Structures are given as C-alpha cells and as structure tokens.
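A.B. asks: Let me give you the structure first, and then I'll get to my questions.
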Amino acid sequence: MAPKQKDDDFVLTLSDDENDAFNNFDVDGDDGDDGDELASSGTKKRKRDTAETTQNTSKKQKQQKPVKNGLKKNKKGQAETPAEEEQEEPQEEEDAGEDDGALDSDFEFDVGGVANTVVEGFDGWGMGNAEDEGAAKKGDKKAVDIDDIISRRQAKKEAAEAKKKKKQSEAQDNESWDGVAEDEDAESDGGMSVDFQDDELLAADGFGMGADGEDESDNEEAQDESGSDNDSDDDEEKDSEDDDDEAASDNDSVATPVGHPEDEASDNDSDAESEIDAEEQEKRKAFFAPEEEKTKEQADGAQRSFQEFNLSRPILRGLAAVNFTNPTPIQRKTIPVALLGKDIVGSAVTGSGKTAAFVVPILERLLFRPRKVPTSRVAILMPTRELAVQCYNVATKLATYTDITFCQLVGGFSLREQENILKKRPDVIIATPGRFIDHMRNSASFTVDTLEILVLDEADRMLEDGFADELNEILTTIPKSRQTMLFSATMTDTVDKLIRVGLNRPVRLMVDSKKNTSLTLVQEFVRLRPGREDKRLGYLLYLCKEIYTGRVIVFFRQKREAHRVRIVFGLLGLKAAELHGSMSQEQRIKSVENFRDGKVAFLLATDLASRGLDIKGVETVINYEAPQSHEIYLHRVGRTARAGRSGRACTIAAEPDRKVVKAAVKASKAQGAKVASRVVDPAVADQWAKKAADLEEEINEVLEEEKTEKQLAQAEMQVTKGENLIKHEAEIMSRPKRTWFESEKDKRAARKLGAAQLNGPDAGLSKKEKVKLSNKDKKRLDDARQRLEGKAGWKKGKAEREAPKPAKGKGKGKDKKKGKN
C-alpha cells in the first residue's frame, strides 16, 4: 500500500504532462487497441490524481476563507481538462501513427507564417512595455515644462487684454452718455486757440505720425536694392567664387583672382590625406587580417535572404517579426565572419542596419551556450543613452522567440533596479561606459570575468579623447581573450587608435568607406553673407515656418542655444521638443517619444542625437550652423534618408563654416549625390529676425521663471532628501560609499576634451573659470580700470624729470614782500 500512496500523492508538473502525452503516441505507427488502452489508462490516472489533489486542497479551504472562491474555480478547471484531453487524444494518435519522429524532407521555414506578429513601422523606439514605461517615468530630476510656462504666460496675457478691452468698452459707454454735454462745451470753446505742438497731445497712431523723412525713405530704397543684389548673389555655389572674380576683373583689369586662404588650406589637407604614408600602409597590412578574395556568387550578391546564413529558426522568426527579409551589404559581410568568432572593424553609411549586423550573430552564438549556470557573456557599449535604449529595444525584438536575457545599464535610471537585474546574470548587457564602470566598481552582483564578446557601436566616437579614460578602464578590466567588434559610419582605420582596443588580427569590412552619404539624400545650403551672421535665427524661422513644416530635426552646437530657440518656437506657435545633455532622462525619452509619435513637429537637438538615433519618417535635417568636422556632418544628415527612404538636409552656413561645407560638397559631387543652393530673400529673413528680437524681453522672463521653478524643485528635493536621511539614517549610513576611478579634476579635463572634439578648441573660452589673482595682477587690473575711467593721475615723462626745478619758496617770498609794503 505504501508505493500506491506515493503514486497518489505525486502531483504532475507541466513537463511531466507533456512527456506523458508524448509517450502515449505510438511511434511504430500501429493504430491497434493497445494504444487506446494506454491512452485511456493514462487519462484515468490523471483523473484520479487531479481528483485526489483537489480533495487535499479542499481540506485547507476551510481554514483559508479569503481564497475559497479562487480555489473553487481552479477545481472546476482541473475537472474539465481531462475531458478535453479525451476528445483530442484520438486525433493526436492518428497523426502520430503516420509520423516516424523526423521532420518532413520538404519542410521549409515559412517567413510569412509570422505575418500576424510582424511589427509594422518598427524603428527601434517602440517602448510599449510597462517595464520600459515605468523606467522612463523614474527621472532623477523634477521636470520643468517650458510649454506650461508659455501657456500660463499666454493665458495671463489674454486675460489682461480681455480686461483692458472691457474697461475700454465701459469708458466708451460712459462717453456716449455724456456726449451732449461735451458737444455743448466744444461749441462754447469754439473761439479758443489750441496749441498742438506738444508731442504728448498727439496720438502715436495719428495720420502722418509714422511717416519718415525723405532721407529715411531714400535709405530704405537703397537697402531694398542692396537686398535684391544680395538675393541674386545667393544663387552661386558654396565652394565657388567665379562671379566675384569676374566682377573684380571688370573693376580692375590689372588685379588677378586670389583664392580664399581657407580653400587653399583645405586643398592642402585633402592632398595630404589622399597620399597615405607608406609606413602606415605597412602597419595596416601587419595589423589587419588579409582580405579574402570574393567569389563570383559573393560579388553578384547571391545571399539575398537571411535563410542562406544557416541561422536558427528562432532567429529567423525574430527577423521576420520585425520585417527584416533581405540582408543589407554590411549584414551580408558581417554575419558570416562574426559567427566564426573573428574580430571585426566595420563601416557603412548611416541607416544601413549596422545594429542588426552584430546583434544577429551574437544571438545565434548564444543559442548554443551552456544553460546550467546563468552567465553574462556579451557587452555592447554605446556613447549615448538614447542609442543604448534603441539598441536594447531592437535586440529584445529580434530575440523574442529565444530565451536570451538582456539588461540595459544606462544613466538616469534606478541603480537598485539595475543591480537586481544584474544578480540574475543576463546574457547580454547593453550599456553606456559611465554606468558600466559604476556597476563594475560598486555592484557586488556584477562580474566581467565571463565576458566573451565586446561590441563598440559608434566606435570612432568612443575612441576620441573624451571617452579615452573610461574605455581604457573597461578594456583593462574585462578578459583579453574575447571577440571584439567595432562599428561606425565614419570608422577610422588608423592603427595607432585601433591598437588600444586590443584587437587580434581584425577583419576590415568597409562598405562605402569613403565617408559618403545616402544616395537618396538631397543636400541644400543656405549661405549667410559676411555681416549677416546675427540674422541666422531669422533664416531658421523662415525655413521652419514656410518650407519645412513637419518631421524636422534641427541640430545646434550648444545646449544653451538649443534651449533658447525652443522658447522662441513656443512663443511663435511652433510645436517643438528639445534633446540635449542638460535634460533629465525622463525628459529626454519623452522628447524622442513625442517627436516619434508626431505630437511635435520639430526636435531641437545637440550632437547628442546625431549618432545612431533611428526615428522613422524624419523628412528633414537642418543644421543651424555647420558642425566642427565633416564626420559629424555625415552623422547629422544621416538621421534622414535611412534604409532607402528619401530625405533632405539643409545647412545654414557662414564664412567660418566654409571648410566643412566645401568638404561635404566635394564628397557629394564625387559620389554623384544631389547638392543644391537654397536662396532665401534677405528681407524676409530680416522680418523673422526682427520678430525674434522683439521677443527678447519675453524670452528672458520665461528663462527667469524656469530658473525659479528649477530652484523650487531643487529645494523640494533637498527637503525630501533630508527627511529620508532622518527616517532611514541607519540604512543609508550602512551603504558603502560609491567609488570612481578618476578624480573630479580628471573628469573636468575629459569633459573639456570631449567638448573640443565636438565644437573646436575655442568651445570653452566663452565661459571663464574662476582663478585666484595675485596682488600684482590685481594692481595691473586696478590701474587699467582707473585709466579707462579717467581718474589716473598725470605721470611725468623724461623731459619733465630732466627740466630744471624752480627754487623753493620763490613765489612765497614775493607775496611776503607785497604784504609788508
């Protein structure tokens, strides 16, 4: 009886049910009575097991009344499932009789079989998960909404205007009642003479009060003529000065045309770059793996589908779910090499699918990993938070039908939640360098000893001076025996830079490695003549109000300028969002989501958004001013015309931007891309610039109100922090202090180097640092200030010092003699 009691008490799990159902199938294909008896006995046993288990649970229901109803429902469900199985099993037995346990030889993977799960319009920003939404809502700072401030101010203005109109109407009513008396007074005063020469008695909008003198009207006509001349001059290309040379030769036949010094310097630089040093070629030959000769099938692009890479079915199903059917050139080259475990240095134009090029082989390799012990094996590093969030969304979509786990270590999100996820040892970690190092040094649950694959996306940016210290800290900590993959649209192949990453005979996979743009991109340039640089905002407002009215990204060099233009757009009724490093993570994600969903028409961003950001439907990119280098320009304009779609890029360029503009035009002409010059009427631009200038006072008031709200939010946060310190003092004090690998001084120096890479060496000169002055410097500054104020005393020169001095008391003696007489 004892063994029987054990069998009765045993509760089947889901896997046990599946094994029993599988064992009930007759593998030999006999549809005899034996199979029916086995099936019936199996179902009877399950009936008995479920009945006894429900009886055992019913005894406990008397003590647990709150969960009584739920258990009754489970009991009913358990009683109904065997009956359903009895009806379905005969059909399964008939199917199993014809199956020999192997797959049909004619079976093919049906890409269209997942048509119901295809994500239409997938762009990497589909944050539909509640987990992602909850993470996005947890910002470190309290957000201050500019739209709320502007709407409040406009509501106040409208209320004040309504009140003013009401008073005026009341005054007019009172005047109408007293009209008869006023007419009589006017008749009685008919013989009096009134002097109207006083300016205060005349209305400002009276007839003739706004008329200008003849000289002023002549000046305006002259300005209009010069404006039309400037308008006609804007038709010429950015890199040519032929019309100016012809005009100079007409005026002075002796003068010869002289090229612009910046043009000559850029020509010399391009010549120097084209002639690669023989020593550098030898270095590259020794550093990179030899390039394999292309077969005829590879040259013809024979691999037209992902199925020809021999990928696993869960990966193919995930690719079909996001509507990836045909591999791009960079994917065709990268996936076979990455599956072999080789190091890779890859480059391709923006929007060519570089993220999937390294995610797909990583997922394929992880499907064959040991599953007994969870281990973190892959680290993908990104330069910006938005790019890391986007890569995380793409990777999780591609791995939908696998058991591979992911974790994103991004600044701005909760450290505690990230530590809890790291305790589960996720397979793939997608991170920014700063937060990766933070967890590496301060989280006990995070170990990097098991990493097997390292990916650096936008690697040329990661190799710059701003990220050099952080990257070196990571590379010296993780294992050296790893696979390393570097990708970027402007990937460098200079050995001195790449050797720092610790690559082992990497394979160069350069697709469109000549720093080209997409062929579907139309590049436009608006030229600002010398002396009109202060009208730049007027040109931008005209373009956004009249020409490009929707799905536009506007790039700025500085956060301050982007924020100020954001306020101008709001005051002029243009729906815009901003994206830069001074915003909290909650605000940054909200801005991208609002722009992606079409709630705002313009995204005003710094170079934070220039790399990797993939938002579907971006029609236009406007450069408020040309960037520091041609590489940054390529990344900026690469936000549009992605994946074969068309797009436009418009750059407002002045004389300081000549070098970058010329490089862009030269590369585009060599590639065969379309380049055009857009002409904007200077008078129209001046009108918009005047509108922006008239809003200057209101802009400052909005900035002041925003500053006040931020200070209030900061004060509230400090109060909350103090309350938490008092309430949870023991827990907070018991936490170990977080450490960092460099001092504050080193961090400031790295920040300066990063700013210089983006905006040039003079980027930080406008903001002066506080330096303690010596007494000598103070005296020099005081003397200079006194001279400017005119208070400095007269100082004798050499001639005055050498002149004979008058005798002492000579004048006084004469006065004394006169007094005595």
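Please read every residue number as a count from 1 along the shown chain.
The backbone N, Cα and C atoms fix where each Cβ goes, glycine too.
Got these off Swiss-Prot a minute ago, pasting:
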REGION    1-304  region 'Disordered'
COMPBIAS  27-37  compositional bias 'Acidic residues'
COMPBIAS  59-76  compositional bias 'Basic residues'
COMPBIAS  82-109  compositional bias 'Acidic residues'
COMPBIAS  134-162  compositional bias 'Basic and acidic residues'
COMPBIAS  172-188  compositional bias 'Acidic residues'
COMPBIAS  212-249  compositional bias 'Acidic residues'
COMPBIAS  264-280  compositional bias 'Acidic residues'
COMPBIAS  281-299  compositional bias 'Basic and acidic residues'
MOTIF     304-332  motif 'Q motif'
DOMAIN    335-509  domain 'Helicase ATP-binding'
BINDING   Ala348, Val349, Thr350, Gly351, Ser352, Gly353, Lys354, Thr355  ATP binding site
REGION    754-821  region 'Disordered'
COMPBIAS  765-805  compositional bias 'Basic and acidic residues'
COMPBIAS  807-821  compositional bias 'Basic residues'
A.B. asks: Relative to the Cβ position of Thr355 (ATP binding site), how many further Cβ atoms are located within 10 Å?
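C.D. replies: A 10 Å sphere around the Cβ of Thr355 (ATP binding site) contains 23 other Cβ atoms.
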A.B. asks: List the other residues in this chain whose Cβ sits within 8 Å of the Cβ centroid of the ATP site residues Ala348, Val349, Thr350, Gly351, Ser352, Gly353, Lys354, Thr355, in sequence order.
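C.D. replies: For the ATP site, the extra neighbours are Thr328, Ile330, Ala357, Ala489, Arg642.
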A.B. asks: Applying a 10 Å Cβ distance cut-off over all chains shown, what neighbour count does Thr350 (ATP binding site) have?
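C.D. replies: Result for Thr350 (ATP binding site): 28 other Cβ atoms within 10 Å.
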A.B. asks: For Gly353 (ATP binding site), what residues in its own chain, 6 or more apart in sequence, show a Cβ-Cβ distance under 8 Å?
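C.D. replies: Counting only residues 6 or more apart in sequence, the Cβ neighbours of Gly353 (ATP binding site) under 8 Å are Phe324, Pro327, Thr328, Ile330, Gln331, Ala643.
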A.B. asks: Average the per-residue pLDDT over the domain 'Helicase ATP-binding' (335-509) and send me the rounded value.
C.D. replies: 91
A.B. asks: Let me check the 10 A CB neighbour count of Ser352 (ATP binding site). How many other CB atoms are there?
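C.D. replies: Counting Cβ neighbours of Ser352 (ATP binding site) within 10 Å gives 22.
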A.B. asks: Which of Ala348, Val349, Gly351, Lys354 has the fewest nearby Cβ atoms, counting only those within 10 Å, among these binding-site residues?
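C.D. replies: Selected from the binding-site residues Ala348, Val349, Gly351, Lys354 on minimum Cβ neighbours within 10 Å: Gly351.
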